[in-house]
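Asker: Reproduced below are the annotations present in Swiss-Prot:
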type	residues	note
TRANSMEM	6-26	transmembrane segment
BINDING	Glu38, Arg109	FAD binding site
CARBOHYD	Asn303	N-linked glycosylation site
Amino acid sequence: MSATTLPNVSVAIIGAGIGGLTLGAFLRRLGIPFVILERTAVLTPLGAGISLAPNCLAALEQLGLYETIRQNAQELRGINVYREKRCWGTIDFGLAKQWFGYNVLSIERYEFHRYLYEAAGGAGVVQLGWDVARIEGLENADGDLRVISADGREVHTDIVVGADGIRSVTRRILSRSMGLQPENTIRFTGRVHMSGYTKPLSHLSTTDLGIGHWMLYNDCILTTWPCKENRQWFIGVKAAPPDEKSPDRSVWKGATSDTVNAVYGSRFHPFGEDGTVEASMYAIPAPAIAGNSRDDKLSIIPNASSLATSSRKPTSRTWFGAEWRSWVMVYRT
């Protein structure tokens with residue numbers, strides 16, 4: 001066996017995101033040999049927060065992760081829905097455990113990712129810098145598959161699982177092998193997103209713990225989700241300029257704290273010390289992210305590829321958390 005060939009495994013998982021790591025963690029518990037091939041050379045924190053529903057937590061308990069996550073997450077007790085300053089009502093999550101066996105929990109995404117990484121076996125099974133170029137042996141009935149990277153490394157396996165996200169290399173390779181032609185059905189909705197994470201909001205009381213907000217302003221949206229220590233994970237949505245037709249641009253591109261506060265800074269928010277978003281969400285300085293992304297269904301997908309390499313200095317003040325990034329929203333026709 002050459003130095004560029006990994007030992008044979010039963011399953012090769014392409015992608016070390018949440019899906020790939022979760023599958024790896026289950027395979028590890030079952031004693032099934034596997035490897036996870038990740039294109040990124042260095043794993044860095046991505047995303048702001050994530051909410052975990054009861055069906056997800058049931059699976060995580062099977063992996064032995066539930067107690068760790070519960071201790072480091074915040075229970076979601078309710079979401080207050082506002083139209084400008086008027087409260088339309090509250091979505092009560094208090095019965096989730098009674099009905100489904102678990103509460104809904106919110107946790108920092110990178111922390112959740114780290115727990116899954118360790119549960120899957122960490123560096124012992126996750127191969128970084130694996131830019132998959134091709135999969136050979138798809139025509140073989142005996143299941144002998146070879147996953148080959150752009151730099152010539154390869155792994156022999158019985159099963160290949162594509163867990164590599166919306167721009168899936170696995171899907172493209174399989175489509176070509178089946179003679180399918182790609183079709184671009186993506187359309188830009190004209191909505192762009194940003195997300196981030198605040199520092200602990202010390203002025204909030206214990207009654208505020210676990211309460212989220214959907215703020216429906218006339219020309220934009222801001223949703224805030226409770227996390228541990230009264231920190232808030234937030235998502236903002238804003239319309240692009242009327243003449244903006246390209247999903248490759250963003251109204252947040254090159255944004256500074258002034259740009260963001262021009263959209264949300266003076267808006268009403270119940271957690272604001274003076275009733276405004278800027279007061280409720282002020283945090284440590286944050287670098288600006290110039291990239292955006294696109295998806296092939298109605299959802300939001302992050303792109304923080306420029307975060308690690310950005311030379312831009314942090315702005316002096318912003319109501320964001322330690323980092324924030326931008327999205328575009330697209331849909332499939």
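Yeah, the Cβs are placed from backbone N, Cα and C, and that goes for glycine too.
Here the structure is a predicted model, which means the values were calculated and not measured.
So that I understand the layout, could you describe where these features sit and how close they are to other parts?
Answerer: Same-chain residues lying 6+ beyond the ends of the transmembrane segment (6-26) with a Cβ under 8 Å from its Cβ atoms: 32-40, 43, 59, 62-63, 65, 112-113, 116-117, 119-121, 125-128, 130, 132, 145, 147, 153-165, 168-170.
Glu38 (FAD binding site) falls outside any helix or strand according to DSSP and counts as coil.
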Asker: Including all protein chains shown, what's the count of other C-beta atoms within 10 A of the C-beta of Glu38 (FAD binding site)?
Answerer: 23
Asker: Measure from the Cβ of Arg109 (FAD binding site) and count the other Cβ atoms within 10 Å, all protein chains considered.
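Answerer: For Arg109 (FAD binding site), the 10 Å Cβ neighbour count is 19.
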